[in-house]
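What follows is a set of notes on a single structure, which appears directly below.
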Amino acid sequence: MTYRGRFAPSPTGPLHAGSLVSALASYLDARAHGGSWTVRIEDVDAPRTVPGAADEILATLEHFGMHSDEPPVWQSARGAAYAAAFERLRATGLIYPCGCTRREIADSLLSAHARHATLAYPGTCRDGLHGKSARAWRLRVPDGAAAVVTFVDRWQGIQTQDLATEVGDFALKRADGLWAYQLAVVVDDADAGITHVARGADLLDSTARQIYLQHCLGVPTPDYLHVPVVSNDIGEKLSKQTGAAALDRNAPLDALVEAARHLGIEAPGESLETFYSAATAEWAKRFAR
Ligand code: GLU
């Protein structure tokens, strides 16, 4: 098998110490396997996209010595591919329009499961819109044992999620008309022939949905590895929302050494070349045997 990996940042702000860890993990995994590594700009969520952030991320990755082996893919240019996948699912009857607002979903969950509330969509519109107008489009998840998705994560070990009770039918097209992240990622990974996904553990919870969607679309499931997220002093995941500082493009080595340490790797920060060769060798010992 030819290894094909990717780093898929959302351009909601500049690269910071947290997103650098995901970038580095995916890069080292690709290098350790002798595979290719490509950047995908996840700008499908247009309202959250910050102008100029994607170019800034790409420039920072270059300065940090991580070069995309193929030209970066931009989700904003892939609407036709998402529409085609959506139509295929629609033809099979697996998706349906939903007229519920967030408020209605929250209310029905509270009243139905006052004590054991889960966040699963309760399936209100499964058998029709009940006079409401269509907002989002949802993918039907199976009931019973068929809803349980299990996979082995190379970092986190065996993972299991019951889509029926923990997630419910999930949106592929959002109420604002945008394609949902889950659909875009699955279609993009499949079209790019991605064989290995290495990303932050904040996305672990999305993986079962993506695997189920891959089955519905008849595309392969990549191998997954979710690295621990970086938190700030008060335990919040580093992100633009929690005020993470942008990386200094001109001082890559200290940040890279720190990111590698977060991944359990000690690599010298004398030059990019010595750093990457030592870090790749260390990563290979753990993950590419
Ligand atoms: N765009 C997502 C993020 O920045 C990552 C998606 C993925 O790696 O699958 O959190």
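Every residue gets a Cβ built from N, Cα and C, even glycine.
The structure displayed is predicted, hence computed values, not measured ones.
Per TrEMBL, the L-glutamate site holds R6, F7, A8, P9, S10, Y181, R199; the candidate it also names there, chosen from E42, E166, is E42.
Note on the motif ''KMSKS' region' (237-241): residues 12-13, 16-18, 202, 229-231 of its chain, located 6 or more positions outside it, place their CB under 8 angstroms from a CB of the stretch. Secondary structure of the motif ''KMSKS' region' (237-241), assigned with DSSP and counted as helix (H, G, I), strand (E, B) and coil, comes to 0 helix, 1 strand, 4 coil. For C125 (Zn(2+) binding site), other Cβ atoms within 10 Å of its Cβ number 21.
Burial estimate for the binding-site residues (F7, Y121, Y181): highest at F7, by number of other CB atoms within 10 Å.
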